[in-house]
Amino acid sequence: MTTPALLPLSGRRLPPLNLGASAFPHHRATLRLSEKFILLLILSAFITLCFGAFFFLPDSSKHKRFDLGLEDVLIPHVDTSKEGKNLGGFLIHGQGHDEHRHREEEERLRNKIRADHEKALEEAKEKLKKSRDEIQAEIQTEKNKVMQELKKKDSKPLPPVPLPNLIGINSGEPADPDIREKRNKVKEVKMMMMMMWSYPFLCLNSSFLLVTCNRNHSFLRVGNSQMGATIVDALDTLYIMGLHDEFREGQEWIDKNLDFSVNSEVSVFEVNIRFIGGLLAAYYLSGQEVFKIKAVQLAGKLLPAFNTPTGIPWAMVNLKSGVGRNWGWASAGSSILAEFGTLHMEFVHLSYLTGDPVYYNKVMHIRKLLQKMDRPNGLYPNYLNPRTGRWGQHHTSVGGLGDSFYEYLLKAWLMSDKMDTEARKMYDDAIEAIEKHLIRKSNGGLTFIGEWKNGHLERKMGHLTCFAGGMFALGADGSRDDKAGHYLQLGAEIAHTCHESYDRTTLKLGPEAFKFDGGVEAVAVRQNEKYYILRPEVIETYWYMWRFTHDPKYRQWGWEATQAIDKYCRVSGGFSGVKDVYSSSPTYDDVQQSFFLAETLKYLYLLFSNDDLLPLDNWVFNTEAHPLPVLHLANTTLSGNPAYR
């Protein structure tokens, strides 16, 4: 006897059941009021029970291992020092579940749900006996208690930590009068910008300003204008330039107004590099505790973003609820390499300053996961799904979406006083793959870094990619096979290509992206790639190349950029980006990014300063140009990790 095949859903279906009134001829069409009330109570109890089961019963899916060969990574994450211990009735790291204990645990949870349900019903009855004013008063009292507890937690004193040996935080004044004049010109630009301090920070509360009409725009601005990215981003530049009165005004604003207890969603990456990086740099430069305290408070608000199945953080997190999510456009909800890979410097410093290893463990977990994953052609794709631990689409870039991940591998090694050999190996491996698959020479002899998309090299380079010239120079010393000279030369070639992208425009300012197709070289083709938004990456490379070669052309190129910015980007309320660098009559975009103050002006000032100002043997700059001191990890609690041996 054969079993008939089931019909597909698109085929014939059973006739619908008649559930109308005629199907139940002996039933009334309506229910009495008392019956409705009883039915409502039953429904309420059922819903309460379902919600209780949802929140209290264990989710076995969270205890599955990854299907990626990551045998020692579990969900949820556990402290490796507690390996093999029983957590909440579940045995981890290879120990089998005891079925009897499991049934007991389920029974205990069911009993707890019943008890909680009965308690909730009793409390609800008591509440209904009270007046509306009494209920509102109780709610307000509870809210006040919660706020007081949060304030106590935030104001908890941090342990005293000896500051690293801080060298070169002042002076740097050049002897050459011409160079000194150029340095002072950059400082004057900064001073002009700081005149907006007189607007009681009204225009400085956001990550960028609408400058032609002195209005601020909100990207990192949250709550009631309380998160001032422009202020925090600008502080260390003020200190380095010796503008200490303005620095103190910024410090006073931060002490009184910078508040993170707001119901707002922010970018984990941007908040880390601008706020935490800026606050940490201000603390190290000035020694003022308020900056360290604020940095630690904010870092605690970011930690819930790491509550994902893999430990790869969400791109966005709500500072109040801790709920995270990813950008909808990022390869089916993936996290972005340049975002989750650009946390290491700041988080290591947070653990150093607090004595709490949680920050360090978060970033080392990310590194451990990445080390165990396959990389197509040795390249890191830009997207990684935080739920599955699998790569998204195979798109690799040293520019946007990927750039600062590679930068932080190198700088983790430098910041550890060159003890973090694990980071250095990852950097060297990545750079070798990049050089093999992404770096090419154009027909005109220009070295450029393309983008790898699904097995194809796109011959386009972004302004963001121009930082790589400085990175190659910075990483030349300590490179494999005694290739220091090779990488210094590679840095010089990238610097030359990026200068050409500036020099071939009408305004002598670089476009957002430029092509190397056919007869077109170092020129933007698409209209939506012809804009300049005060970006720092080309000037950043000029500065690093100057530090390592002292070739005067880098100062000359930096001065050309300074003059072009002053001529074409200066507006009534500050400096604005322009929409077309090939137009002799540019249109302003009415936006001044906070990184103009944090990076562009800082790198220009350092370019015209002596090398004893923030020497690279003692300081490492985060990707937002905030200087953090080298940590001699032999004297810290982090030195016990194998990565530093």
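Glycine residues also receive a Cβ, built from the backbone N, Cα and C atoms like all the rest.
What you see is a predicted model, and the numbers here were worked out from it, not measured in a lab.
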Tell me which of 92-120, 150-178 corresponds to the region 'Disordered' entry in TrEMBL.
150-178
If you measure between the CA atoms of Glu537 (active site) and Cys466 (disulfide bond) and round to the nearest Å, you get 6
If you count Cβ atoms within 10 Å of the Cβ of Cys498 (disulfide bond), leaving out that atom itself, what do you get?
28
Say you check the Cα of Cys498 (disulfide bond) against those of the recorded positions Glu270, Asp403, Glu512, Thr623; which is nearest?
Glu512
Filtered by Cβ under 8 Å and at least 6 apart in sequence, the residues in the chain of Glu512 (active site, proton donor) near it are Gly462, His463, Ala524, Glu529, Lys530, Tyr531, Tyr532, Ile533, Arg535
Residue among recorded positions Asp403, Cys466, Thr623 with Cα closest to the Cα of Glu270 (active site, proton donor):
Thr623
Across Glu270, Asp403, Glu537, listed as active-site residues, the smallest other-CB tally within 10 A is for Glu270
Report the same-chain neighbours of Cys466 (disulfide bond): residues 6+ apart in sequence with Cβ closer than 8 Å to its Cβ, ordered by sequence.
Ile494, Ala495, Thr497, Cys498, Ser501, Gly510, Glu537, Val538, Glu540, Thr541
Cα-Cα separation of Thr623 (Ca(2+) binding site) and Asp403 (active site), in Å?
9
